[in-house]
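Asks: Can you keep this structure in mind? I'll have questions shortly.
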Amino acid sequence: MAADNVLNALDVAKTQWYHFTAIVIAGMGFFTDAYDLFCISLVTKLLGRIYYHVDGSPKPGTLPPNVSAAVNGVALCGTLAGQLFFGWLGDKLGRKRVYGLTLMLMVVASIASGLSFGSEPKAVMTTLCFFRFWLGFGIGGDYPLSATIMSEYANKKTRGAFIAAVFAMQGFGILAGGIFAIIMSTIFNAIFKAPTYEVDPIASTVQQADYLWRIILMVGALPAAITYYWRMKMPETARYTALVAKNASQAAKDMSKVMQVEIKPDNVPPVQESSNSFGLFSKHFARRHGLHLLGTASTWFLLDIAFYSQNLFQKDIFTAVGWIPPAKTMNAIDEVYRIAKAQTLIALCSTVPGYWFTVALIDRMGRFAIQLMGFSCMTLFMFALGIPYHHWTLKENRIGFVIMYALTFFFANFGPNSTTFVVPAEIFPARLRSTCHGISAAAGKAGAIIGAFGFLYAAQSQDPAKVDAGYKPGIGVRNSLIVLGFINFLGLLLTFLVPESKGKSLEEMSRENEEARDETNVVEKDTLNRSLSYV
């Protein structure tokens, strides 16, 4: 009960300037995360042209399937490992002590990715994959730490919007990556003129193009480096200091430095170690939070299968609306420009608005309603795209296909892509909050790997003559879309395992207030028994 003064003050604190500062400091990490994770898709075609050119081929060089999978997927594998490791470390050492480490890892790995060694394809791709794994490892740490820090700083009235706003910075990161690639490719195109591939296959890829992809990757280090100083100035969260470090007096001091709250440290007694504390692998945790953890991990896993599989038909979308013409009709740098422009338009029209609809409405509608609505709409749109797939491939219906595609990902972001990030930071005890968020996020990244690569192979045509080079026949795009519809429907059902946390304090959701009451009752009974024994 000693820490109640501190925690209640946090829950009822008015929204202040420091809350917005915390959103920006934590959000810039996610801005960097999104830039670094998604910018690789802007330059993979260019890497294929530079390092895998085949003399006499009617089409530009492309990355072989195994190399493409490694370059695109290794960062996701690193992210999964980082989410588990830093999630656990954030509960053991404290949020602040680990927070700066993730940023420095991202800065170093971003720069190193652009400096990938050698000129031979094998050397460049091997070192690029090595550094992108460690980049992903740093990015992974940002998930549990940023979510936990923001949830523990926020008041209960606007907590959902604050955590969602941190996550929504991803949209701006994707946007920034696309815009920067457009600017750089425009500059390179103006300075280094080149013919199209069909006119001159060799001259279409200028030597200086090797600098372009490196610059795009390395610039991801800038926002992380700028944010590092401010992260180091953030105090440890009051909830961690009071509930995990058991120092309510220090928590009150830290909070009074940054927030306008009136708690005198001298009046806050020290917190005694609770005998009611239970671990992650205990029966007590399984009874109290086991289904909750299953719900947050499984819904994030299923969501990311669908979310990351968007690459299945992104190329069809871009080609259908004429955003990306056939590769042989462009030079290498022009292709980067076209891809960046297309991805920026998609981000601007569906990705970014979806995130901010969640920010605006999550504390009114609630997490459960938004997640249920999002999964429902995604299920509907996947089936609507998949079942009559031939209808959408006809030229006169392609605009409808684009609209359906955009709506699918609008409701992913104004839906489970945001809520699966928010809820795990709210419903678990402070001493296990970062770990449980890391486990849920890692389950999501496992789904992302399946979505990005499992379906890349599965979506190949059933007709061997129409299969992409290096792949085997799959189940086709139509059947893949129908399977994704069922995956979204399963996500909808598993949403019922996740509790609603709107308007409730973190201690109410994690039932730590019950632990405190139980502990107080034990102490009072013990005192009474000792008094009676003297009588």
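Positions of Cβ are set from backbone N, Cα and C atoms, glycine also.
Note that the structure is predicted; figures quoted are calculated from it, not measured.
The compositional bias 'Basic and acidic residues' feature in TrEMBL is assigned to 507-528. Annotated domain 'Major facilitator superfamily (MFS) profile' per TrEMBL: 22-503, in sequence order. The region 'Disordered' annotation in TrEMBL covers 507-535. If you look up TrEMBL, you'll see 20-47, 67-86, 98-117, 123-141, 162-191, 211-230, 345-362, 368-387, 399-418, 438-459, 480-499 marked as transmembrane segment.
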Asks: Under 8 Å, at least 3 Cβ pairs, sequence separation 6 or more: does that hold for the transmembrane segment (368-387) versus the transmembrane segment (480-499)?
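Replies: Stretch pair touches.
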Asks: If I count Cβ-Cβ pairs under 8 A between the transmembrane segment (123-141) and each of 67-86, 162-191, 345-362, 399-418, 438-459, which range comes out on top?
Replies: 67-86
Asks: Between 20-47, 98-117, 399-418, who has the most Cβ pairs under 8 Å to the transmembrane segment (345-362)?
Replies: 399-418
Asks: Can you tell me the mean pLDDT for the domain 'Major facilitator superfamily (MFS) profile' (22-503)?
Replies: 88
Asks: With CB pairs under 8 Å as the measure, which of the listed stretches 67-86, 98-117, 162-191, 438-459 comes out on top against the transmembrane segment (211-230)?
Replies: 98-117
Asks: Hey, which of 67-86, 98-117, 162-191, 438-459 has the most Cβ-Cβ pairs under 8 Å against the transmembrane segment (20-47)?
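Replies: Most Cβ pairs under 8 Å with the transmembrane segment (20-47) come from 162-191.
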